[in-house]
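Q: Pulled the feature table from Swiss-Prot, pasting it below:
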type: BINDING; residues: Ile16, Ser35, Glu63, Asn91, Tyr164, Lys168, Val195, Ser197; note: NADP(+) binding site
type: ACT_SITE; residues: Ser145; note: active site, proton donor
type: ACT_SITE; residues: Tyr164; note: active site, proton donor
type: ACT_SITE; residues: Lys168; note: active site, lowers pKa of active site Tyr
Amino acid sequence: MSKSTTVLITGANKGIGLGMAKAYLSRPNHIVICSVRSAKTDVTDLEAASKASGSKLLLVYIESTSKTDPAKAVEDVQAAGVDHLDVLIANAGGMPEGNKPLLELGPDELCWSVQVNAAAPLLVLQAFKPLLQKADAPRFAVISSTSGSIEHMKNIHSFIFPGYGAAKATLNWLTMGVHLSQEWLTTLVIHPGLVQSEPGNWVAKQIGMAEAPTTIEQAAEGVIKALTNATRESVGGKFLSTSDGTVLPW
């Protein structure tokens, strides 16, 4: 009997998170753990996803501003029989409401964005570390954005999304720190492209596009392809654009 590959995806009820969940569930022998905000979150599409032989879906609840949800999620998956975690994809995130200009951005909006986009992924990693350490080749990826690239700011004018961009830059810093300090773990930062999700299409319109160029299915497959055989030597510590395979500047 084949050993199951266990994957955790945060923010998996919509957008690229849902796309990745569906793609993993369509592969045989995958336990796909999907985190959503709460029991009130609509998970109809997740539960309806086709499942290959030996694959199954587990739901856990992680609200990105909660300090205790990640630890409770670990307890829940262990109670369901999960004894290791092969892949952790920190996908959940968000943009501050209103997207205020840089010189109008208040501390509350900035702190909220850093909590949701940077601190929350770190808390999830901290909680699931023991299960990752039981995997043969554990991998940790964060879904970031070119908005978090300081070098790219002058080219793409990402300062028009100050709360989001600053938080993603913080996420990038933390993830590089994980790569350098945790030599047992393959860690990378992923930019999946400008994706046809609700926030992706909103961003596209802000820069004069009718819609984002990358479909959810393309983005999901790009991330999964990058992670399937990822090693520290091949992608560890890199800021990888999975839509075209390029390595992005920090």
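Even glycines carry a Cβ here, placed using N, Cα and C.
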Q: List the same-chain residues at least 6 positions away in sequence whose Cβ sits under 8 Å from the Cβ of Tyr164 (NADP(+) binding site), in sequence order, or say none.
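A: In sequence order, the residues whose Cβ lies under 8 Å from that of Tyr164 (NADP(+) binding site) (at least 6 apart) are Met95, Pro96, Asn99, Ser113, Asn117, Ser145, Ser147.
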Q: Let me know the most crowded of the recorded positions, choosing from Ser145, Ser197 and counting other Cβ atoms within 10 Å.
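A: Buried the deepest by this measure is Ser145.
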Q: What three-state secondary structure does DSSP assign to Ile16 (NADP(+) binding site)?
A: helix
Q: NADP(+) site residues Ile16, Ser35, Glu63, Asn91, Tyr164, Lys168, Val195, Ser197: biggest Cα-Cα distance, Å?
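A: If we measure all Cα pairs in Ile16, Ser35, Glu63, Asn91, Tyr164, Lys168, Val195, Ser197, the largest is 23 Å.
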Q: Report the same-chain neighbours of Asn91 (NADP(+) binding site): residues 6+ apart in sequence with Cβ closer than 8 Å to its Cβ, ordered by sequence.
A: Ile9, Thr10, Gly11, Ala12, Ile16, Gly17, Met20, Ile143
